[in-house]
């Protein structure tokens, strides 16, 4: 409805009513106008009707939605299912062109605008969450692992003779495989134990640089967000080393946007040294479906180079999902979620500490990890190593998801490389433990139920352990223990 149509409507309906409707329409349009002018996440979230109006306006700009369009090419935005078309708001063409994921499509002005505005809004979010000097970013239609691979492949063109990637160890398969998939040889830097924490071995990183030769090293691949007792890498020191030896630095910031500490580390690393790109997950930071990541950096030309490395067009779904989410939440809504997560981290730590004390365990001291916590399981280990792994199974069957039980002595071979003590980020961590995380979206009820069910599992296992040594064998669990409270 444009102004001319509203004027014509006055012939059918009272002009005062039409003007009222026009004012309401202009309210929606003003929000859209500010978004297009500023390219920033709105301070206050939009209503669903405003979001849908904006998406429908974008959709009618794509050729597949033109009235009377005659398509004779092999890709014309045809969709067999009306349900699929509605699911994507009829934005069918995706993003980018065959040679550049950031390029504008002549047949899809609306989808191209969606891509541009999403990247701009996400850049604003990265800035107000702590990385103030970030200059460029784009939403990649791949999860974190493949997005890291794209960064490494881009660096190959800049450093064609490089063969190695220095990687402070984190026991997460996709991080390791991202380097192998790109065709490079990971050089695993074992962490050092400081108290309970596993921290970056800076001396070993520099020793490897001197041993292998800086010109043979593609980059340093560091990590922020991770499972305790590992903590974020010493990003500032690594960034200084990379600048000193002229080695690129790629940071895996998987779920670090939700942590002001992780974002501060990246900002400081870029200020005092070198960080070429940092990669973060969409689903873990913005509560959207899995399938997208943000690749960001401080040199716009390098980020553009990465985007051009992506072959072909790409799905617009990750961009659409995160844009809808951020427009609905607004900057204030997202900041509120971040504040709640931080507050509940303290509550989870308090509850886990009290539970650990009741069972003769302890909450491990990992102050440098702002998201994940670890509780020792020494008592179960004294009974048997099987009891430790059994705890993980019991929690899963009782619908406690996300808790990780890490036993001692696990060996895991990933693409030909054998990791001792896999999942613990070290060859021989001193004790088994359980992980829990206060991630964005967690609620107080989640923590209460988790602690209650974990308490019952630990009590059940402590009863079974002595009984296993008796002639009568292991008693059956109580009926109440087999149900979800």
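Placement of Cβ uses the backbone N, Cα and C atoms for every residue, glycine included.
Feature annotations, reproduced from TrEMBL:
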BINDING   97, 98, 105, 313  substrate binding site
BINDING   271, 398, 463  tRNA binding site
COMPBIAS  462-471  compositional bias 'Basic and acidic residues'
MOD_RES   284  N6-(pyridoxal phosphate)lysine
REGION    462-485  region 'Disordered'
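Ranked by CA distance from residue 97 (substrate binding site), the recorded positions 271, 284, 398, 463 have 284 at the top as the closest. Taking only the Cα positions, the spacing between residue 463 (tRNA binding site) and residue 284 (N6-(pyridoxal phosphate)lysine) is 37 angstrom. Taking all protein chains in view, 18 other C-beta atoms sit within 10 angstroms of the C-beta of residue 105 (substrate binding site). Cα of the residue listed as 'N6-(pyridoxal phosphate)lysine' to Cα of residue 105 (substrate binding site): a span of 30 Å. Cα of residue 98 (substrate binding site) to Cα of residue 398 (tRNA binding site): a span of 48 Å. Of all the Cβ atoms in the protein chains shown, 20 others lie within 10 Å of the Cβ of residue 398 (tRNA binding site). Residues listed for substrate, 97, 98, 105, 313, cover a largest CA to CA span of 10 Å.
Overall, the recorded tRNA-binding residues 271, 398, 463 cover a maximum inter-Cα distance of 55 Å. Here the binding-site residues are 97, 463, and the one with the most other Cβ atoms within 10 Å of its Cβ is 97. In sequence order, 94, 95, 96, 99, 100, 103, 312 are the residues of the same chain, not among 97, 98, 105, 313, whose CB sits within 8 A of the CB centroid for the substrate site.
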